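Per Swiss-Prot, these features apply:
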TOPO_DOM  1-25  topological domain 'Cytoplasmic'
TOPO_DOM  47-59  topological domain 'Periplasmic'
TOPO_DOM  81-112  topological domain 'Cytoplasmic'
TOPO_DOM  134-151  topological domain 'Periplasmic'
TOPO_DOM  173-179  topological domain 'Cytoplasmic'
TOPO_DOM  201-225  topological domain 'Periplasmic'
TOPO_DOM  247-268  topological domain 'Cytoplasmic'
TRANSMEM  26-46  transmembrane segment
TRANSMEM  60-80  transmembrane segment
TRANSMEM  113-133  transmembrane segment
TRANSMEM  152-172  transmembrane segment
TRANSMEM  180-200  transmembrane segment
TRANSMEM  226-246  transmembrane segment
Amino acid sequence: MFTDTINKCAANAARIARLSANNPLGFWVSSAMAGAYVGLGIILIFTLGNLLDPSVRPLVMGATFGIALTLVIIAGSELFTGHTMFLTFGVKAGSISHGQMWAILPQTWLGNLVGSVFVAMLYSWGGGSLLPVDTSIVHSVALAKTTAPAMVLFFKGALCNWLVCLAIWMALRTEGAAKFIAIWWCLLAFIASGYEHSIANMTLFALSWFGNHSEAYTLAGIGHNLLWVTLGNTLSGAVFMGLGYWYATPKANRPVADKFNQTETAAG
């Protein structure tokens, strides 16, 4: 039932590992692109959200954030939160090693950070209408995120990436417009519910940092948020999705390392 999708994920993990090993610059550029694409979505939804009544703000922001993951998937790029799922399948299927997984994940995260900050810088240099006004929701939301309790951030991070990886998983299992509908629904649920995505937060934090933020907004607070949200994102991508669907697949139908590697070799 899930074998074909797991094979796609494991094959993508092998592709990611090859790109990282054979073309490190290309891997970092592609990772930066993912951070930038998510950042463009963040700028969009906060621009709209800043104009709206709080009662409808979560719905509208959630309904328009689908552009972020659509760009990542359709244009192609390396997103940390998706990699937590892909690389887990790769390890279980034998297409990559544990060592490769733990070497690639931090590189992807840092590449995403570069792209996220770059987009925020461009927005700031371009006038950044959200940034000079201290009452902008960019500043209030960023501050609230950096002062939230660790366990709140951790579990909101877990719920968030469960939805993000479900969007990616369903996009792999569908064709045509169904891909976009799957992405749209999952990201609507993530944003409207107020969950935490480490890469999306990177651009938000950079935007507030470049603007007229409160003195209570600190680098330590940003680090606090990104640490716990990243851990929560990793839990759901690797365990809820990667291990979850691996063990939901009957053992006889799971990819076997030798067979998978033979398929990869035959495919070039």
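Placement of Cβ uses the backbone N, Cα and C atoms for every residue, glycine included.
Taken residue by residue, the topological domain 'Cytoplasmic' (81-112) breaks down under DSSP into 28 helix, 0 strand, 4 coil. Mean pLDDT, taken over the topological domain 'Cytoplasmic' (247-268), works out to 65 on the 0 to 100 scale. In this chain, the transmembrane segment (113-133) lies close to the transmembrane segment (26-46): three or more C-beta pairs between them fall below 8 angstroms, excluding pairs fewer than 6 positions apart. Two recorded stretches are said to be in contact when at least 3 C-beta pairs lie under 8 angstroms, sequence spacing 6 or more; the transmembrane segment (26-46) and the transmembrane segment (226-246) fall short of this definition.
Taking Cβ pairs closer than 8 Å, the topological domain 'Periplasmic' (47-59) reaches residues 129-130, 136-138, 188, 191-194 in its own chain, all 6 or more past its ends. Same-chain residues lying 6+ beyond the ends of the topological domain 'Periplasmic' (134-151) with a Cβ under 8 Å from its Cβ atoms: 46, 49-50, 57, 196, 201, 204-205, 207-208, 211-214, 216-218, 221-222, 224-225, 228. Beyond the ends of the topological domain 'Cytoplasmic' (173-179), by six or more residues, the same chain brings 5, 73 to within a C-beta distance below 8 angstroms of the stretch. Long-range contacts of the topological domain 'Periplasmic' (201-225) within the same chain: residues 35, 38-39, 42-43, 46, 112-113, 116-117, 119-121, 123-124, 128, 130-134, 136, 138-139, 141-143, 145-148, 150, 153, each at least 6 residues beyond the stretch ends and with a Cβ under 8 Å from a Cβ of the stretch. If one looks beyond the topological domain 'Cytoplasmic' (1-25) by at least 6 residues along the same chain, the residues whose Cβ comes under 8 Å of a Cβ in the stretch are 78, 83, 85-87, 89-96, 100-101, 103-104, 107, 169, 172-173, 242, 245-246, 248-249, 253-255, 260, 264.
Per-class residue totals from DSSP over the topological domain 'Periplasmic' (47-59), listed helix then strand then coil: 6 helix, 0 strand, 7 coil. For the topological domain 'Cytoplasmic' (81-112), the residues of the chain that approach it from at least six positions outside its boundaries are 6-7, 9-14, 16-17, 20, 27-32, 34-35, 38, 72, 161, 164-165, 168-169, 197-199, 202, 230, 233-234, 236-239, 241-243, 245-246, 254-258, 260-261, 264, judged by C-beta separation under 8 angstroms.
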